[in-house]
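Visitor: When I checked Swiss-Prot for this same protein, it listed these features:
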- B:64, B:93: heme b binding site (BINDING)
- B:3-147: domain 'Globin' (DOMAIN)
- B:14: phosphoserine (MOD_RES)
- B:51: phosphoserine (MOD_RES)
């Protein structure tokens, strides 16, 4: 799947709307994922996963910052996410199926906070973008 | 078999009561066709699906979306027996419509996203979790009779 110029424009515009809420939305997406898809919690046995957890907040910021970096370098995701790609392949080894689950929860979070901007076309572009990021993050798995 | 707590059932029914089935149905099917264009393979006779706006405004998409979501209402009424409630539809989707069950998962997730756009803050993580269980249960029930 290739991101068209229109997709890239939609993604950048959407991320602009997110603005300073990035960390909050990151944390919210994680919380949504842990509640809707309990097996995802198996990757965080060392975390307090209760509502409002400081660890989840911090991790949400990490995720948001990484996505912001990806948006800024949408023309070369492989280079921008190379270190994270190594991390996921060799250390974290999160099963690839889980990237779809977090991506879905990110979409739900954005849709609930910004329904007006979350048009079908923007929805499609963001879905493609998260899929592209996921592909890069799992690209060195084997 | 998926089991719903009393709380989950109440959460689901309360939200469902506020859904405009006709509007939401058209939007759900429309977004499915926009976001996952390969799903258009089942709708060759629907006319103009050439752009997002064409799809969202297409009267056949709206009508069929309404049909699909109305049927989903049966799920809300039969949460304790989804497999029974959708047995006939499952056979239809396998034998006559030849729809890959993966499409039910895709549509279910699109529905969850639409609920999020409509209900905003009210669509909390807990509410989403209950609905994810339902759409997953419906997808499984619709695939149950496949052979």
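Every residue, even glycine, has its Cβ placed from backbone N, Cα and C.
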Visitor: For residue B:51 (phosphoserine), identify the closest of the recorded positions B:14, B:64, B:93, judging by Cα separation.
Guide: B:64
Visitor: Would you mind reading off the Cα separation of residue B:93 (heme b binding site) from residue B:14 (phosphoserine), to the nearest angstrom?
Guide: 29
Visitor: Where does residue B:51 (phosphoserine) sit by DSSP, helix, strand or coil?
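Guide: The residue in question, residue B:51 (phosphoserine), is coil (DSSP, three-state).
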Visitor: Just to verify a number: CA distance, residue B:64 (heme b binding site) to residue B:14 (phosphoserine), in angstrom, no decimals.
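Guide: A Cα-Cα distance of 25 Å.
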Visitor: For the domain 'Globin' (B:3-147), how many residues does DSSP put in helix, in strand and in coil?
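Guide: For that range the per-state counts are 114 helix, 0 strand, 31 coil.
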Visitor: List the same-chain residues at least 6 positions away in sequence whose Cβ sits under 8 Å from the Cβ of residue B:14 (phosphoserine), in sequence order, or say none.
Guide: none
